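These come from TrEMBL:
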- 28-49: region 'Disordered' (REGION)
- 63-86: transmembrane segment (TRANSMEM)
- 141-158: transmembrane segment (TRANSMEM)
- 206-229: transmembrane segment (TRANSMEM)
- 235-260: transmembrane segment (TRANSMEM)
- 281-303: transmembrane segment (TRANSMEM)
- 323-346: transmembrane segment (TRANSMEM)
- 367-388: transmembrane segment (TRANSMEM)
- 433-453: transmembrane segment (TRANSMEM)
- 465-484: transmembrane segment (TRANSMEM)
Amino acid sequence: MIDQSDAERQPLLQHDTSAEAVAQLHQNGLDKPNDDGQKDSNLYDSNGEGDSWQVEVRTVIRYSIPLIGTYLLQYFYSIVIVLVASRLSTRELAGVSLGITTSNIVGYAVFEGMSTALDTLCSQAYGASQPKLVGLHCARFVVYIHLVAAPIALLWAFSPQLLRWILPEADLAVSAGTFLRYSLVGVPGYASFEVGKRFMQAQGDFTAGLAVLVACLPLSLLFNWLFVFQFPMRVAGAALAASLTHLVRPFLLIGYAVFVKRSSLQCWPSRSQLRRQLFKNWGQMVRLSIPGALMTLSEWFSFEILTFATSYVSTVDLAAQTFLSTIAILLWHLPFSASIACSTRVGRLLGAKSIDKAKSLMSLHGYIFLVIGVISAVLAVVLNIGVTKYLLEDELVKSAVAHASLFTALFCFFDSTSSWVHGIIRGLGWQKIGGWITLCVNYGFGVPLALGLLLGHTGVGVGSIYLGLGLGLGIMTVIEALIVRARPWESVVMESEEPEG
């Protein structure tokens, strides 16, 4: 048996089309039928079925649909918390909303961004016919992400005192801080579930996370009923209900792997491998996770800064932004889910040493994301204008939303194109490039333009947010696509050959 540490140092993308290499792929079962009886579409030869663009489109759709459901359902859990809190006082509802926003920025967004490193590492390892390395990457990442969570936990633990320095109203700081303190209980479960999702996704199973979230939904409702209204713990109960739901998720995911998809356990390393390799070769994992977190935080902060700035314009614009941002976040799940499918496809093909095939997918996926962008833009206009007739009563807010609808559509379109190139970048393991470009374009162009239009009384109104950020995403797409096209993909070979510390 090949030592796992040696396998990690082998170049993933070194071309080898020998009969022995092909036989090894067959032996590891990477081209065997899936549980649904279909041939796994992640690996193809140059003359195989994968050359058909129809097959690739079907593959992206097959991967994306359960991912869209997964991330929409995760977003729905936040809505449940707000709906439950709306049954409390206005002050407590404001505290919960502030607590959710704070936990997303100083916590969950960090974990989400860091976890994109696994989109690269696990997909390439699986494509390279090193299934045990997939599990080893995930095991290391569980330890790593909990180490990062430790200082975040300290901030959450002392958040009531810290928020008093920021918020003028002490009771609002207490409510938000209480929510964060009880949310701390669920951080290990949340972080572990994110890693577990990547473990399954690298193997082509994109339904595992969705199945777990569906199973947890009645538990979440039960916990909210018990802790918020029956005991009653109010704000603390809402946070505790969410935390307990987070804690249950990784255990249900393990149960799914053991009892529903046992074939996924082929990627889990043995105990001896874990003992020998768990704390080795963390270098690449850390190098990929930091810019991944930077990209995610950059996008979160830019949106929050502009929403905060809207409060200085008018309450009408702020109310319109609340509605517009909700629609934009819902539609964001379409290209984001497809980008995960894209990064998984590219990473697995690179791991399988199919550089030319992976390059050809860049153009094909570009057309797919253009279609997704058009669909998102049309939905943005339809939802913003159509839904306001039934949900909004204030005519001024309706007018502001309608006026900003085309700008929101522009934002959604370029959000899709940027998701395309970000998916390619994650598959290649070039998160550092994406991180710096995202940071520079967002805060060097997008946010300043949006602020200038918003506060400069240009007549654009709240649509300034989406015009500025949307044009920034368009520029970001062009810059990143040109760099990815120009940079030799064979450089990934040299990077993978470098021993990690």
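Residue numbers in this text run from 1 along the chain shown.
Backbone N, Cα and C define each Cβ position, glycine as well.
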Exercise. Kindly say whether the transmembrane segment (323-346) and the transmembrane segment (63-86) touch, using the definition of 3 or more Cβ pairs under 8 Å where each pair is 6 or more positions apart.
Key: yes
Quiz prompt | Result, the transmembrane segment (367-388) in contact with the transmembrane segment (235-260) (3+ CB pairs under 8 Å) | solution = no
Exercise. For the transmembrane segment (281-303) and the transmembrane segment (63-86), decide whether they are in contact, meaning at least 3 CB pairs lie under 8 A, counting pairs 6 or more apart in sequence.
Key: no
Quiz item: Near the transmembrane segment (63-86), which residues from the same chain, at least 6 beyond its ends, have a CB less than 8 A from one of its CBs?
Solution: 92-93, 96-97, 100, 197, 204, 206-207, 209-210, 213-214, 217, 220-221, 224, 228, 235, 238-239, 241-242, 245, 329-330, 333-334, 336-338, 340-341, 344-345
